[in-house]
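These features come from TrEMBL:
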type    : residues                                                : note
DOMAIN  : B:11-216                                                : domain 'Aminoacyl-transfer RNA synthetases class-II family profile'
BINDING : B:Asp81, B:Leu82, B:Thr83, B:Arg108, B:Gln124, B:Asp128 : L-histidine binding site
Amino acid sequence: RGLAMAEEAAVRAQAETVRRLKQDKADADEIAKEVAKLLEMKAQLGTDEGKHKFVLKTPKGTRDFGPKEMAIRERAFKAIISCFKRHGAEVIDTPVFELKETLTGKYGEDSKLIYDLKDQGGELLSLRYDLTVPFARYLAMNKITNIKRYHIAKVYRRDNPAMTRGRYREFYQCDFDIAGQFDPMIPDAECLKIVHEILSDLQLGDFVIKVNDRRILDGMFAVCGVPDSKFRTICSSVDKLDKVLWEEVRSEMVAEKGLSPEARIFSILEQRLEASEEKIRTTETQVLVASAQKKLLEERLRLISELWDAGIKAEMLYKKNPKLLNQLQYCEETGIPLVAIVGEQELKDGVVKLRIVATREEVRPVARWGWLCDPAAQPCRPCGVSSKFCSTPYSSSLPHAASWSPEVLLCPALGSFLSHHLLELLSSGAWSMQG
Amino acid sequence: MPLTAALYPGQGTRDHAPAQAALRERLLSAVVSCFKRHGAAAIDTPVLELRETLVGKYGEGAKLIYELKDQGGELLALRYDLTVPFARYLAMNKITKMKRYHVAKVYRRDNPATTRGRYREFYQCDFDIAGQFDPMIPDAECLKIVHEILSDLQLGDFVIKVNDRRILNGVFDVCGVPESQFIPACCTIDKLDKIPWEEVRSEMVAEKGLSPEAADRIGEYVQLHAADSHRVTPISVPCLSFQASGEKLRTTETQVLVATPQKHLLAARMKLISELWDAGIKAEMLYKKDPKLLKQLQYCEDTGIPLAAIVGEQELADGVVKLRDVATRKEVDIPREKLIDEIRRRLEP
């Protein structure tokens, strides 16, 4: 990896050496020698500091998506993609760059907004400006005449910040296209249906769908006396009219800076989320594996491994001896609904304490679920191990958590049984998870 | 501790045709569901970074970075990996602890000397745990993740190689390499998975100034592990395993084709498909006013659609829909109001 990281690692290693020597009360001369070495290494690193420092900025017009933004984005894309899939569209992807010549002459006045790659020997390339020209190229290259495809990806435009304050230069487009010759209007009808389904699904409120066809616009121009040769440029102007009007509307939306038409849906969702005070989760973790006392790291690792192997989303703290309170706090902060606690007594009894984080209730079984101790041992069906704790096979209709009674007793084949039941619990919807 | 797996696009065209895209989706969803299972949060960063962000971070890799033309604004480049952007993200947001995954494309120019600027775009799936924790617990989790993913992808047997820069430095030290040459030696040793030991050795001696004795001693360590130099290439094997099992990779997830056997039934077809869509069922119909039934059924077989919902004049009169199992060709009339339940029942795994 990079020089910087290796050098920094070497400094850290040297610091560790010094620390150890001091701790072991080593020979004073030796300590002095190592300290001098450490200082020299640090000085060396210091002179390179300017080179390796991180410029804390993304390029103008681009942004990072942190976990919260990703969660919102995933919600929006899920609705959009599931609609596209529901309508039988195939997905394609194309490279982020195209040959410069592919994009030349396709965007009229907007051509100056295209990002070019530096000429580093080889083909001249540019970053894609939209997903439609790449789609056309794809069809032509592969001699495809009929296709229904969707393509969700980022596109790049060097918008002039003076004209369009804070407009994004890198943003997502979600293209859905039906290419080919078909009986008139059937594909068009489907496209309208899709727009309707998506906008409804996103619950943005009321909306208006505007339908256009270039030929209608051309007809209007013709009727108004515009010469054929000017159709294109007049069309670009008409397009701008829409944006300028939209600008006026947008300036009233004070809350969101840097809003661009293409990012509008995303920003609306962000604003709504803020207004609703809904806490959106940034992970999907279902269970935190916790320990109640010290020296239970291995047991925690063993249990979490079983959960992962059963496909359950689980986490644990990266601390050898974490405090229970901190572990519970972590659950509350990140929205994890369940915590599975291993403790010395529980290990002796062969059980795991399962707690619902929100209510702080402990999950307790009822007799009809057959968990209560029955000395007349019967095999536990899920794991097949006979035990004095399980007397009847587990029921697939789960009682509501609140109605459960006293003790948590599970069979000693702890992991698999627990996983089995956890899976049932989680899919029963007894605990609905946000996000 | 970083964990990256590179997925290379298929040979041939640079586009991801539907079959490749579907396969890629399958792979990435196996990877992402594992990351999610371990409680990692996703982030995304721009494809463009300021040139100064990337400068000085990649050592010899720097000449493989794609730069953007100077068009009068900031000097930009395409990201080379996902780790430097991650470091920038942590610094910008003053984050000290984070478990994150980031699946995205990165950009590297192929060896510019030989292939005259051939460009490469490929996926990386990064999983990183940043922060100070009790030793080795995060590391153990990373190993578990590698194991889960490679097992999940059913590539066959595999070997997980674990390294730490400090172990490598230790090896160099023991072999008599002076500290000042650790980093150059490391860059050369990295090439071991691409070029044979002999070339690596001569580069270390001729270009990096290592003594022949030190190089030979390093060679002894290399020989110790030369046996398991088998390298897993993720993408090609899944393709093979698909063909072996005879599974046809579908490029859509459509569950039902809505078909009409006679003419003038377009409106009825559209009405029925609308009901299916509104119920969340994945459905398609042909874009023909009066398609032939055979063509519609053929379409099902070509694209792997498992069910066909057929409404003809008789069915409309009787208030039923003929539901056809494409694979077995069995048909049964279902009352219209029970259709959706019946479809759902049949599609349940």
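Placement of Cβ uses the backbone N, Cα and C atoms for every residue, glycine included.
Neighbour counts of Cβ atoms within 10 Å were taken for the binding-site residues B:Thr83, B:Gln124; the minimum is at B:Gln124. B:Asp81 (L-histidine binding site) is surrounded by 21 other CB atoms, counting those within 10 A of its CB over all protein chains shown. Sequence-distant neighbours of B:Arg108 (L-histidine binding site): residues of the same chain at least 6 apart with a C-beta under 8 Å from its C-beta are B:Gly61, B:Leu64, B:Ile65, B:Tyr66, B:Tyr80, B:Arg120, B:Phe122.
Across the domain 'Aminoacyl-transfer RNA synthetases class-II family profile' (B:11-216), the prediction's mean pLDDT works out to 85.
According to DSSP, B:Asp81 (L-histidine binding site) is assigned to coil rather than to any helix or strand. In this entry, B:Asp81, B:Leu82, B:Thr83, B:Arg108, B:Gln124, B:Asp128 make up the residues listed for L-histidine, with the farthest two CA atoms of the set 21 Å from each other. All protein chains included, B:Asp128 (L-histidine binding site) registers 22 other Cβ atoms within 10 Å of its own Cβ.
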